[in-house]
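Visitor: The repeat 'PPR' feature in TrEMBL is assigned to 5-39, 75-105, 106-140, 221-255, 287-321, 388-422, 458-488, 489-523.
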Amino acid sequence: MTERNTVSWNNVISVLVRNGFEEDALSVYDVMVFEGFMPTHFTLASVFSACGSVLDVKRGRRCHGLAIKIGLDKNMFVGNAMLCVYAKCGRIKDAVRVFGEMTEPNEVTFTAMMSGLAQTDRVVEALEMFRLMCRKGIRIDSVSLSSVLGVCAMAGYGESSVYEPTDGVFHNTHGQQIHGLTIKLGYDRDLHLSNSLLDMYAKNGDMERAEMIFANLPEVSVVSWNVMIAGCGQKYQSDRAIEYLQRMQSCGFEADEVTYINMLAACVKSGDIETARRMFDSLPCPSVTSWNAMLAGYSQSENHKEAIKLFREMQFRNVRSDRTSFAIILSSCSGMGFLEAGKQVHAVSQKASFHTDMYVASGLIGMYFKCGKMQMAERLFYKLPELDIVCWNTMIAGFSLNSLDKEAFTFFKQMRQYGMFPTQFSYATVLSCCAKLLSSFQGREVHAQIAKDGYVDDVFVGSALINMYCKCGDVDGARQFFDMMPGKNNVTWNEMIHGYAQNGCGDEALCLYKDMIVSGEKPDGVTFIAVLTACSHSGLVDAGVEIFNSMQREYGVEAVLDHYTCIIDSLGRASRFQEAEALLDKMPCKDDPIIWEVLLSSCRIHANLSLAKRAADELFRLDPQNSAPYVLLGNIYASLGRWDDAGAVREMMIDKQVIKNPGFSWIEDNYGLQAFIGDNNLRMVDDEAAVLNATT
């Protein structure tokens with residue numbers, strides 16, 4: 001071109017952006033500015049669009065500054081494009097500021113703001129934005145409706161961690177209202193919107209409505225079939241998904257890559273790994289997404305060896321792994337504590353230049369922590385060129401996992417000093433550390449930060465706070481916080497009941513359990529473990545038996561080992577050994593050492609020697625290196641004056657080289673938790689976390 005002007009530059013940049021060459025478009029823009037051409041609103045709108053596509057928020061900020069300098073920041077097209085950049089890059093505060101400065105926001109503005117809020121898990125605020133859009137009389141188009149249906153669909157797949165399990169119902173109700181609005185505005189025959197409606201109902205588990213809409217569609221596309229197959233997977237109905245695939249093919253539609261990925265996911269979620277693998281093996285050239293779906297299937301079903309084997313096959317076939325592949329396989333390496341495989345994956349990630357990717361780096365750090373290589377995890381963390389909140393959370397969780405709770409707390413403080421804003425996961429993890437350290441002082445310090453950061457109403461954080469106060473012995477503080485919580489879910493109720501049980505407050509736990517039933521919250525297996533524990537520790541035997549019997553009959557909860565352990569402990573403490581033995585003989589999980597140890601402890605209290613011998617014999621068989629049955633049986637003989645038998649048990653323990661763990665004591669003072677070991681020499685234990693692990 002002999003003569004260039006602003007229009008020609010704009011055309012080149014626009015064409016490049018529209019055809020997916022965003023980086024090239026940004027390079028052309030840089031040359032344009034360098035040569036002294038002044039960008040117009042058309043230029044900046046295209047450049048902002050490119051920045052949003054490649055998630056380049058730094059360049060977006062520079063363009064924002066230029067827009068202010070040349071007076072284009074108030075232009076509608078430029079403002080919308082700026083807002084989209086911040087929303088796509090997750091910089092929601094900047095997006096909100098741009099939104100607030102716009103004098104006449106339109107449907108594009110509101111839709112972009114809605115998407116940005118949903119992307120950062122602020123689903124309720126995204127729905128409020130749509131309501132505001134309606135109240136202001138802004139034109140509702142098909143894009144706006146599709147966007148808000150996507151927001152309503154988010155709860156179905158648990159994409160927002162800050163909402164309660166009942167949110168699927170909550171968002172389905174909103175979705176139904178949007179569905180009505182879609183019909184009212186005449187968009188009910190729009191195929192794209194119909195697919196969005198199908199997706200919303202399917203993700204919220206309402207397959208009945210999804211099937212009704214699907215059956216009445218004037219036309220369907222491959223996307224429609226894919227959504228229905230994914231919906232069946234969400235409901236763990238792999239057989240139904242296969243039916244839809246067969247119907248799809250019989251109607252002349254050709255399955256695409258998404259179809260097979262959804263089919264793999266449906267089989268995996270339904271636990272039908274064999275069918276998933278057969279389908280995977282039948283693919284002529286599976287994409288990396290298909291490999292990832294199969295890897296995820298093995299990992300989620302805890303078949304980690306097969307996952308590692310499949311990943312190695314993936315490398316052998318020269319399939320380029322992506323960040324998801326590495327994250328899944330590192331999860332499997334962590335799951336089985338397979339350090340050597342983890343190191344091999346680390347090497348492959350370095351070769352593929354993924355080791356500094358935040359997503360993969362977090363998986364590597366977590367893997368090294370899980371394999372007990374704390375120094376390696378720290379070294380990896382400090383070598384990262386950039387740190388995000390997930391990496392910090394992984395470090396805090398890793399220290400906690402390895403009982404280095406003081407280090408986890410220190411790291412949490414360091415994270416805040418670096419300017420990182422803690423998430424719900426950060427707070428829940430550090431509160432767990434405070435609970436394990438029995439440090440109510442540090443727990444209250446964290447509680448104050450939670451209040452300041454606005455997470456007090458979050459049920460996930462709230463449950464962790466209740467747990468921390470209860471474990472530190474402050475049941476009143478826990479109950480006070482519990483009563484003030486605006487929203488409670490099953491986990492919250494369970495945590496408070498369990499807290500009462502831990503602290504020997506059986507009557508209060510029973511009363512709260514009844515309040516839970518009255519409130520309409522359905523008890524689950526964890527609820528019954530908590531309330532049965534409370535009954536056991538407080539001597540409320542009849543109440544415990546009644547609740548145990550009501551589990552299956554009234555609430556459909558099948559008793560598992562923990563429930564049997566609680567009720568047998570309760571009967572044993574009350575010396576009702578005949579009932580305990582009768583229940584023991586009926587239960588399906590007799591070969592577990594925990595239940596026999598509980599029974600043996602009760603026999604020691606009530607000097608029931610015959611049953612004690614049976615329990616001890618079972619423990620010698622099931623857990624021969626456990627010192628507890630030897631000590632308990634020896635103590636029973638000693639309490640009955642049968643010193644020869646007590647000595648024989650002691651000799652048996654020596655012959656089998658069974659080592660008795662030492663006892664510990666600890667106190668909290670101004671310097672933290674101080675621990676002492678039961679020994680001939682009085683000395684302080686440096687690693688208090690090890691003490692707590694040995695005694696819990």
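Every residue, even glycine, has its Cβ placed from backbone N, Cα and C.
No curator has checked TrEMBL annotations; they are predicted automatically.
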Visitor: Can you count helix, strand and coil residues in the repeat 'PPR' (5-39) using DSSP?
Guide: 26 helix, 0 strand, 9 coil
Visitor: Averaged over the repeat 'PPR' (489-523), what pLDDT does the prediction give?
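Guide: Mean per-residue confidence for the repeat 'PPR' (489-523): 93 out of 100.
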Visitor: Using a Cβ-Cβ cut-off of under 8 Å, list the residues of the same chain that are 6+ residues beyond the ends of the repeat 'PPR' (287-321) and lie near it.
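Guide: Residues packing against the repeat 'PPR' (287-321) from afar: 257, 260-261, 264-265, 267-268, 271, 273, 276-277, 280, 328-329, 331-333, 335-336, 338, 341, 345, 348-349, 352, 354.
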Visitor: In the same chain, which residue numbers or ranges, 6 or more beyond the ends of the repeat 'PPR' (5-39), come under 8 angstroms Cβ to Cβ?
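Guide: Distant contacts of the repeat 'PPR' (5-39): 46-47, 49-51, 53-54, 56, 59, 66, 70, 72.
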